[in-house]
Amino acid sequence: MTDLLSGQEPTEYDASSIEVLEGLEPVRKRPGMYIGGTDERALHHMVAEVLDNSMDEAVAGHANRIEVELNADYSVTIRDNGRGIPIDPHPKFPDKSALEVILCTLHAGGKFSGKAYQTSGGLHGVGASVVNALSDSMVVQVARNRELFEQRFSRGIPQGPVEKIGAAPNRRGTTVTFHADEQIFGAHRFKPARLLKMVRSKAYLFSGVEIRWKSEIEDGDTPMEATFHFPGGLADYLRETLGKATTYAENPFAGTVDFQERFGVPGKVEWAINWTPARDGFIQSYCNTVPTPEGGTHESGFWAAILKGIRAYGELANNRKAKDITRDDLITGGCALVSCFIREPEFVGQTKDRLATTEAQRLVENAVRDHFDNWLAADTKSAGAILDFLVLRAEERMRRKQEKETARKSATKKLRLPGKLTDCTSKSREGTELFIVEGDSAGGSGKGARNREKQALLPLKGKILNVLGAASSKLSTNAEINDLCEALGVGMGTKFNLDDLRYDKIIIMTDADVDGAHIASLLMTFFFTQMRPLIDAGHLYLACPPLFRLTQGAKRVYCLDEAEKNMWLEKGLGGKGKIDVSRFKGLGEMDAKDLKETTMDPETRKLIRVTVDEDVPGETGDLVERLMGKKPEMRFAYIQQNAQFVEELDV
Ligand SMILES: Nc1ncnc2c1ncn2[C@@H]1O[C@H](COP(=O)(O)OP(=O)(O)OP(=O)(O)O)[C@@H](O)[C@H]1O
Ligand SMILES: [Mg+2]
Ligand SMILES: [Mg+2]
């Protein structure tokens, strides 16, 4: 089709069509980057992306009904009665409809400026196009101006232009039907129960929408048809979640505050919380109806309001012990739902797991605080019960800490600690972390980067490699292994006792290269064979050091791998000038500040909890393989899979 030689006008083969192909290719190559993997969770996330777009349309006030249908062939249809995706030619690509640009181009969307949407879950302009790229068939129908249009795609490639297929006198909106590509997702299939749960929670999050569910596939007692509309919002959601459990407050503390009315900025927050002796506490938070399983600023704002409120109430009630209540006591004891809507939210990571917008903290805290004070004052019976319950929890926690402290003190007295251990100063195990680092150089910047009170460092020499896989008789005579055991305060194999463990988190921090992955996998194998309960109790973690630092003017980002780097290069950081790429060869090359920010500081780092999946035979072997593999996306896939383990609750 090139035409310089033939002298013909290049008509179809123009720059824009090239961009479309390049645009979606990385999505199929590295689905993990865009949809968090190729596993069951990622598959279900495909529905979330399309549903989120309809929810955005509803929250913006343009739709009040959404239908979600799981069809017999496992394709999914999502229909809304919103404005309909625009189908007129796109100003930048005049030979294409906006619909095609949206579905075939990354970072094309109507939610960047806040003109068409005020507080949307969508913000990257990638969701719909990613689903399109990963579907072997996608059909989009748009009813606009009394006419019905349709365009078909396969694996992100249009199968023809957008066409008018009929009249639509009484209807408007968008209908998307997609079938996930088995080349990408293999044998994973949609689970009706899981989809239903997602659909219901969306309906709870926005009372202005009615969501209809229909499934042609049976799944236990999951209904084949249902209609969800919850005018009671989160308060009802919480009541339903808690079921018959007795609660300290008869009615949950629940409410909603419009930021526009209160603070003059767009958005709102809705919340519901109650306390019960019947179960452990939990919090499920959302921003613009997108679940944020890792929390973030809206959650911290919420807890800050509750904490200050309860302490102030304790003071009023002359309960001196109220001041001992900490945020942890609240979190472990309270059952909470928080949903905020803000403009241009900033999330950490591609899958929007944690909210980063700093302003949200202040907005939510201020909004909730007044209401909480009033609520406590108005219902002194509930308030008293909650206060007593929380004080009790605080006392219990302090007693446990005291016990542990004495245990640790006597343990440390008996113990000889290895000379190269840089220990933390905290006297109790609670909240402490041991970073196992590779070599002395990384140890150097680690010392500057750590939090002295809570974070300890143990450098291990490379030669430990030779013995980690060995039988335990050989292990026990090895000096490096002995140092490791002494630092941890535990023995190996049958001599292992979890109660003696001197730290809360054991974090393997190796270079983000093949050697590093090798050492990490050997260490994991060691823990798996010699100290298995430590893994099962959730104490073992992997640090995630970045591979690259990109700077553009004043903007700076760190990238975990090549794919993420390429994504940023393509997208730009939003700063001025050219993008400068520097590659970290090893942890030792990073200065303390960078190391802290990217890898060690609990506020900004990312950690992977190491888990053992019982259902998958040979999982550890496989895991070692994957971590040792040269491909960064393998590592990423592993990260995502573990994330799934933690987040199962928050579909
Ligand atoms: N159901 C819909 N109704 C109306 N417009 C839609 C609908 N679905 C998608 N769009 C339009 O298509 C654009 C692109 O959607 P896409 O999901 O790709 O990105 P996004 O929602 O902007 O951001 P994100 O990648 O975070 O989801 C949206 O910004 C919106 O303008
Ligand atoms: Mg979207
Ligand atoms: Mg898009």
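Note: Cβ is positioned from N, Cα and C throughout, glycine not excepted.
Look at TrEMBL and you will find TYR13, ASN53, ASP80, GLY122, LEU123, HIS124, GLY125, VAL126, GLY127, ALA128, LYS352 tagged as ATP binding site. DSSP gives LYS352 (ATP binding site) a coil state; it is part of no helix or strand. Of all Cβ atoms in the shown protein chains, 27 besides its own fall within 10 Å of the Cβ of LYS352 (ATP binding site).
Look at TrEMBL and you will find 432-546 tagged as domain 'Toprim'.
The site 'Interaction with DNA' annotation in TrEMBL covers ASN466 (among others).
DSSP assigns HIS518 (site 'Interaction with DNA') to a helix in the three-state reduction. Here TrEMBL flags HIS518 (among others) as site 'Interaction with DNA'.
Sequence annotations record features per position, and here TrEMBL assigns site 'Interaction with DNA' to ARG635 (among others).
If you count neighbouring Cβ atoms within 10 Å for each of the binding-site residues GLY125, GLY127, the highest count belongs to GLY127.
Within the domain 'Toprim' (432-546), the DSSP-based counts of helix, strand and coil residues read 60 helix, 21 strand, 34 coil.
Summarised as a single figure, the pLDDT of the domain 'Toprim' (432-546) averages 83. Counting every protein chain shown, 17 other Cβ atoms lie within 10 Å of the Cβ of HIS518 (site 'Interaction with DNA'). The number of other Cβ atoms within 10 Å of the Cβ belonging to ASP80 (ATP binding site), over all protein chains shown, comes to 28. Mapped onto three states, the DSSP output places GLY125 (ATP binding site) in coil. Checked against ligand 1, the recorded positions ASP80, GLY125, GLY127, LYS352, HIS518 give ASP80, GLY125, GLY127 in sequence order as having a Cβ less than 6 Å away from one of its atoms.
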